[in-house]
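Listed in Swiss-Prot for this protein:
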- 168: active site, proton acceptor (ACT_SITE)
- 287: active site, proton acceptor (ACT_SITE)
- 116, 166, 170, 288, 320, 372: substrate binding site (BINDING)
- 194, 196, 197: Mg(2+) binding site (BINDING)
- 7: N6,N6,N6-trimethyllysine (MOD_RES)
- 194: N6-carboxylysine (MOD_RES)
- 327: site 'Transition state stabilizer' (SITE)
């Protein structure tokens with residue numbers, strides 16, 4: 001009787017995929033998963049199951065396994081540690097060989113690592129906490145179209161955070177009135193105004209009309225203030241072709257920056273747009289609409305720092321990153337952790353800030369973090385202290401809510417910002433004297 005060389009049937013994952021003696025390679029992509037196994041499932045088996053199902057494995061041995069080198073291609077769970085203070089939660093560290101992923105494709109990276117495993121029966125919950133992207137892989141990405149330094153040079157704005165404002169009411173204005181609101185804000189002293197993430201091309205305001213009126217507002221404000229101004233024209237659309245059509249039109253109008261919702265639009269569309277922006281000198285502002293669907297649960301989904309790393313590879317010059325002080329959730333150290341991951345070239349492993357791996361970006365351009373959502377002029381000292389110069393501070397209601405109107409609201413924000421930056425440069429302690437600084441400036 002002929003034998004095929006292996007026994008049929010269900011096989012424990014940990015026999016193949018749990019390898020505590022494995023030494024990680026410099027080219028491996030490393031992942032830290034927070035695993036909550038079902039009762040009765042040992043953590044090694046749960047960790048190995050994640051490694052298997054997100055790389056080469058399936059639930060049984062198949063005869064085609066003999067046609068490839070599993071040792072070369074399999075993901076490996078190489079370490080497991082309990083999560084302090086949590087019952088039956090573990091951090092499983094998984095190493096993936098570089099060759100499992102297509103070069104320059106965030107889409108493929110995510111399809112592999114988080115594509116299938118999250119519905120797995122052996123797990124009660126699963127969260128991807130962090131990824132280490134090796135230089136061998138990150139170098140296959142173009143990254144941000146321009147990055148922080150080039151953006152400052154284009155705008156001729158140095159030594160301070162940039163100021164933005166989302167135009168409200170977000171839906172319902174006509175294009176002409178929308179342009180008017182943009183003009184008032186920019187004239188008052190803001191650097192940027194922004195389309196809301198859900199302003200695309202609706203019946204009350206078609207995209208082309210909005211683009212034209214916003215460009216007019218921009219040029220008028222530029223002429224009056226002598227400063228370079230921008231408005232994030234949202235190019236997000238139902239199809240990639242339509243998105244590119246909008247980006248091309250923005251370029252023809254000569255505006256400096258366009259915008260994209262990268263999670264709802266998808267990484268494929270985002271990377272396409274980022275390449276176009278680099279080739280055509282457009283800055284790219286990224287909004288993270290839908291992120292909380294993915295990242296808000298503590299024990300399931302994916303931490304925002306992973307989405308932030310993915311965006312830096314896919315490409316964007318600004319990305320929304322929480323405020324630490326406004327209306328939306330975000331803890332200070334953890335937020336600062338992924339803010340540094342966006343801006344800096346080299347970030348040390350630091351568990352207190354939620355950073356599981358040392359990340360070296362090998363000179364990939366940085367992304368400006370955008371603080372937006374429920375912040376106003378009294379937050380200015382805290383914001384300048386927390387985010388430093390390389391950031392964009394966006395006040396929607398905090399500008400447009402000024403009782404005298406948009407332009408005075410914009411003036412108030414700009415004055416407050418300049419006062420805080422000056423106070424900081426003079427060595428004053430913003431945490432203690434912040435309110436005093438703002439009061440003095442308000443005179």
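Any Cβ shown, glycine's included, is placed from N, Cα and C.
Given the structure is predicted, the values throughout are model-derived calculations rather than measurements.
Recorded features from Swiss-Prot, shown on the structure.
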residue : record                       : contacts (Cβ under 8 Å, 6+ apart)
7       : N6,N6,N6-trimethyllysine     : 61
116     : substrate binding site       : 53, 54
166     : substrate binding site       : 193, 194, 195, 196, 372, 394, 396
168     : active site, proton acceptor : 196, 396, 397, 400
170     : substrate binding site       : 196, 198, 199
197     : Mg(2+) binding site          : 234, 236, 261, 287, 289
288     : substrate binding site       : 261, 262, 263, 304, 307, 311, 319, 320, 321
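Just so you know, of the recorded positions 194, 287, 320, the Cβ with the fewest other Cβ atoms around it within 10 Å is the one at 320. The record gives 194, 196, 197 for Mg(2+). Within 8 Å of the mean position of their Cβ atoms, the other Cβ atoms in that chain belong to 166, 167, 170, 195, 198, 199, 232, 234, 259, 287. Following the DSSP three-state reduction, the secondary structure of residue 168 (active site, proton acceptor) is coil. Every protein chain shown contributes to the tally, and the Cβ of residue 372 (substrate binding site) ends up with 26 other Cβ atoms within 10 Å. When other Cβ atoms within 10 Å of the Cβ of residue 196 (Mg(2+) binding site) are tallied across all protein chains shown, the result is 18.
Spanning the residues 116, 166, 170, 288, 320, 372 that the record associates with binding substrate, the maximal Cα-Cα distance equals 37 Å.
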